[in-house]
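Peer 1: Got a structure for you, written out below as C-alpha cells; questions coming shortly.
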Amino acid sequence: MYTVADYIADRLAELHIKDVFGVPGDFNLEFLDHITGHDALHWVGNANELNAGYAADGYARMNGIGAVVTTFGVGELSAINAIAGSFSENVPVVHIVGAPSKDAQASRRLLHHSLGDGDFSHFRRMASEVTCAVADLTPADAVDEVDRVLRAVQTHRRPGYIVVPTDVARVEVEPPSSPLGGARSYTSDRALAEFRAAASEFLEGRDVTVLADLLVHRMGATENLNRLLSGGIPHATLMWGKTLVNEEDPFFLGVYAGAASEPDVRKAVEGADRLVMAGVRFTDTTTASFSQKIDPARCVDIATNYAKVGDKTFAPLNIADALDALAELAPSFADRAPGAVPEPEPHHWVADADGPLVQDDVWPTLAGVLTEGNIVVADQGTSFFGLAKMRFPADTTFIGQPLWGSIGYTLPAAMGAGLACPGRRPVLVIGDGSAQLTVQELGTWMREGVNGVVIVVNNDGYAVERSIHGEDAEYNDITAWDWRVIPQALGGTDDKVVTLKATTRTELNDAFEKAQDNQDRLVLIEVCTAPKDYPKLLKKIGKAINDANSK
C-alpha cells in the first residue's frame, strides 16, 4: 500500500535530498520507517533536535534544500531555534513533525508532549512565525498540502513546516502524477524592459563597481552574477556573501564591512561612480553597526523580486533576470584595467614562529593551507571575523551565520554541509565556548564518515562577548575542557579521528600538515590563543555593537 508517508519521502527524494536529519520520537516512528526504507534516502540520527536542525541548515546551504524530522512538542521546540536561523538567513529547510492522531487530538486528552490544555495547535502557531508555509495534514488534503509547502520553500528559500499525524501518515494515496517542478519568482516582461532601458541610461560610459551578497546565492543566481562580472568589473562582497565570487579574480576588491572595511575597499565601494548592489542585505554585524555610507542615488539595487535604478522601482523582477540584463549592458560600461584594483598586502607575522600564537597570525596561516573545494564553516565569533577578510582559493565555500548568530550552530552545520558534498572536505573553525553547546554532534561526524577538519580556538571563554562588553566579567568565562579526549568520549577510535594541539605557529603549521596527510579521518586541532586576543575586524565590530547597545 502506498501512503502519505511514502508520498512525502518520494517528494523529498525528487528534490535531491539524500540525507534526512532528526531524532526519533513515538509520534514519528512509523513515518521514519518510510524514510529508512526508501532507496534514495539516508537517515542521519542526531544527538538532539537542535543539532539536527543545524545540520539540515548546513546541508541545505550546499544542496539547495534540506529536511529535518522531529516529534511533536518537545522535539520541534528543541529544533525551533535552528529553524528560526534558517528563516532569518533564507535557508530552505523542510521541518516534518510527527504528531498524535487526529482522533487523539479531537478528544482533547492530556497527551504526553502537549501543554495539557487540549489544544494541539500551539506549536503550529509558533512555527508559523519562522516558516514561509505551514501545513497540518488531513486525509482529505495531505497530498496537495505537501506539494504546496514544498513549492513555497523552493520559491521563498525559507523553511516550511509539515505536521504529519500518525493516522494520516498511514492514509493510502496515489504516487505523484507529475514532477513537483522548480519554483522561481515571476518577472514581468514590461518591468524587465523598463529596467533594462533605465539601467542602460544610468550606467552607460560610467565606472561601475558591483557589491554582491548572500541573496544572490540563495535565489540561485550565482551563475548570472558571474556572467555580469566576467567582463572585468571591480567587485566586492559583504562578509555574508564571502566566496560568492572567485576571490582570486584580479577584479575582486575584497570584503566590504562599512567603516570596518580596509580603506581601499571602502573607497572603491562608497566612492563608486555607479554601484550595482546584487542581493545585498545590510546587517549590524556585517557593517560595523550600519556604518555603510552608500548614496542610493548612484546605485542600481537588485533585490530578490524587484530592482531599483536610483529612486525608481521595477517589479516584479527576478534577481537572475535583472543580473542577465546588466550582463548584456556591461560592454557599454567604462573600460577598467586590472590595475584599477589594488593587490592585497602580504601578511607580516606578528609573533615569533615558536612564540605563543596570536589571532592575527592564525587566520592567514589557515587561509594559506586551504585548497580548492574546501567548505569553510566559521562560527559567529573570532572564527567568523578572523577569516572574513582572508582571501580564499577559487571554488571554496564559506559558511557563517552573521544575522541569526546562534553560537554552536556551525559544528552540526559543517557536518551537514559535508554530507551534502561528499567529495569536498569541510573545515570547521569554532571557539571553545561555542563548541561546548553542540559538541555531541562530533559523534555523528565520525559515525557518518565526514572526514573533515575541526579547529577549536581555545581562548578560555566567550571572546566575541568579551570584545563587546565585560572583558573581565565572570559570565564570559567557561569551564576548561581537555579537547584531546573529547572525540574518544564520543565514539572516536584511532582509525576514525586524529587529535592535535597547537600553541605556536610552528605547531599550527605541523598540525595543518598532519591534517592534509589524514584525509581519511576526522582531524581535531585545538588552537590556543589568549583570552583577550581578538582579530582586528572583531575589535571594530565589537566596539560598534557596544556603542549601539549603549544608546
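Backbone N, Cα and C atoms are what each Cβ position is placed from, and that goes for glycine too.
Keep in mind that this is a model prediction, so the values were computed, not measured.
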Peer 1: Can you tell which of Asp432, Asp494, Asp495 TrEMBL lists as binding Mg(2+) with Asn459, Gly461?
Peer 2: Asp432
Peer 1: Other than its own, how many Cβ atoms are within 10 Å of the Cβ belonging to Asp432 (Mg(2+) binding site)?
Peer 2: 24
Peer 1: In sequence order, which residues at least six apart in the same chain have a CB under 8 Å from the CB of Asn459 (Mg(2+) binding site)?
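Peer 2: Those within reach of Asn459 (Mg(2+) binding site), by Cβ under 8 Å and sequence separation of 6 or more, are Thr382, Gly431, Asp432, Cys528, Thr529, Ala530, Pro531, Asp533.
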